[in-house]
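Undergrad: Features from TrEMBL:
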- 12-30: transmembrane segment (TRANSMEM)
- 42-64: transmembrane segment (TRANSMEM)
- 76-100: transmembrane segment (TRANSMEM)
- 120-142: transmembrane segment (TRANSMEM)
- 162-183: transmembrane segment (TRANSMEM)
- 203-220: transmembrane segment (TRANSMEM)
- 232-249: transmembrane segment (TRANSMEM)
- 281-304: transmembrane segment (TRANSMEM)
Amino acid sequence: KEAVFLRKKITLLRAFSLLIGSMVGSGIFISPKGVLKNSGSVGFSLVVWFACGLLSMFGALCYAELGTRITKSGGHYIYILETLGPLPSFLFLWAEFFAIRPANSAVVSLAFGRYMLEPFFAPCAAPVPAVKLVSLLGYYMVLTLNSWSVTWSARLQTALSIVKLLALALIIVPGMMLLAQGHTENFQDAFDRQSLVLDKLPLAFYAGMFAYSGWFQASFVREELVRPERNLPLAVIVSVITVIVGYMLTNVSYYTVLGTQDVLASPAVAVSFVQRAFKSLISVVPVLVALSCFGTMNGGIFTFSRSL
C-alpha cells in the first residue's frame, strides 16, 4: 500500500547534461543551411541564431518558474492539465504522440544513421535502406536502455553531452584560428539587404528553433530532480547560455571555412567543414555527430516517457 513515486536521481550535473544533450543534436549540423537560405545573408543568419537563442532562454526560464510552482513531472502535458483542464491536455498529448514526437524522432534518428554510415561509404552517399536500418537500431537501443535503467540512461546522457561539446569544439577551434589569421573575406557585406526576403524569414526562425529544441526537457523530470528549486533554474540558465555561445561560434566557423555558397550546396555541413578544414579527421567528426544525435534520442525518450 506504499505510494509509488519517482526517486530523486537527477543531480545538477545530470540536469545540465540532459538539457545540453537534448538541445545539441542534429540541428546545428543540419539547420545552418536552412537558416542561411531563408535569411539571405551571413549577418542576418547570425542574428536569427542569436534571436532563436534568446527566445529559447525566455521559454526555458518560464518553464523553470512553472517547475518550481507545479511539482509534478510531465512537462507540457502536466502544465496544460493543471491550467486548462483535461480536454486540452489530452488533445495536446494525442498530437504529441501521433505527430510531433514521431516526426522529431524520425529526423534525429535518420541523421544519426546517415552520419554513422558516412565514413564507410565516403565519398559516395550511404544507401537509404542502410541508413534506415541503422537509424532503427540506434533508436531501439536507446529505448531498451531507458526501459532497463534510469541510472545508466542518465550516465550515458552525461557521457554523450561531453561528446557533443567535443564535436562543437572540433568545429569551432579551426574556424576561430582562421578568423584570427585574418580570413574575413566571407564576412564582407554580411548584411546584404537585397538578399533579405521577409516572407522567408519565419522559415529561418523555424530552422533555428529546431536546433534549440530541447530547452524544456528538465521540466519532464521535475519529481526526480535533487533540490529542484535551486538546480532547475541553474541548469536551465547555464545550459542555454552554453548552447547559444556554442551555436554562434559554430556558425561563424562554418562561414569562415566554407563560405555561403558551400554551406548552401552542402547536404551535410559538418562533413563539408571537416573535408575543407582538416581531412585527417574526416572519419572522426561524422561519428561524433552521430553520437550527438544518439544523445538527443536518449534525452527525448528519457524525458517524454514521464508524460504518461
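Positions of Cβ are set from backbone N, Cα and C atoms, glycine also.
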Undergrad: Give the nonlocal contacts of the transmembrane segment (12-30) in its own chain as ranges (CB under 8 Å, at least six residues past its ends).
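TA: Answer is 56, 107-108, 111-112, 115, 154, 157-158, 160-161, 164-165, 168, 210-215, 217-218, 221, 225-227, 230-232, 234-236, 238-240, 242-243, 246-247, 250, 268-270, 289, 292-293, 295-296, 298-300, 302-303.
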Undergrad: Pairs of Cβ atoms less than 8 Å apart decide it: which stretch in 162-183, 203-220, 281-304 has the most with the transmembrane segment (42-64)?
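TA: Maximum Cβ contact count belongs to 203-220.
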Undergrad: Sequence-remote contacts (6 or more beyond its ends) of the transmembrane segment (203-220), Cβ cut-off under 8 Å?
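TA: Hits for the transmembrane segment (203-220): 15, 18-19, 21-23, 25, 27-28, 30-31, 34-39, 44-45, 48-49, 51-53, 55-57, 59-60, 63-64, 66-67, 73-76, 79, 104, 232, 235-236, 239-240, 243, 247, 296, 299-300, 303-304, 306-307.
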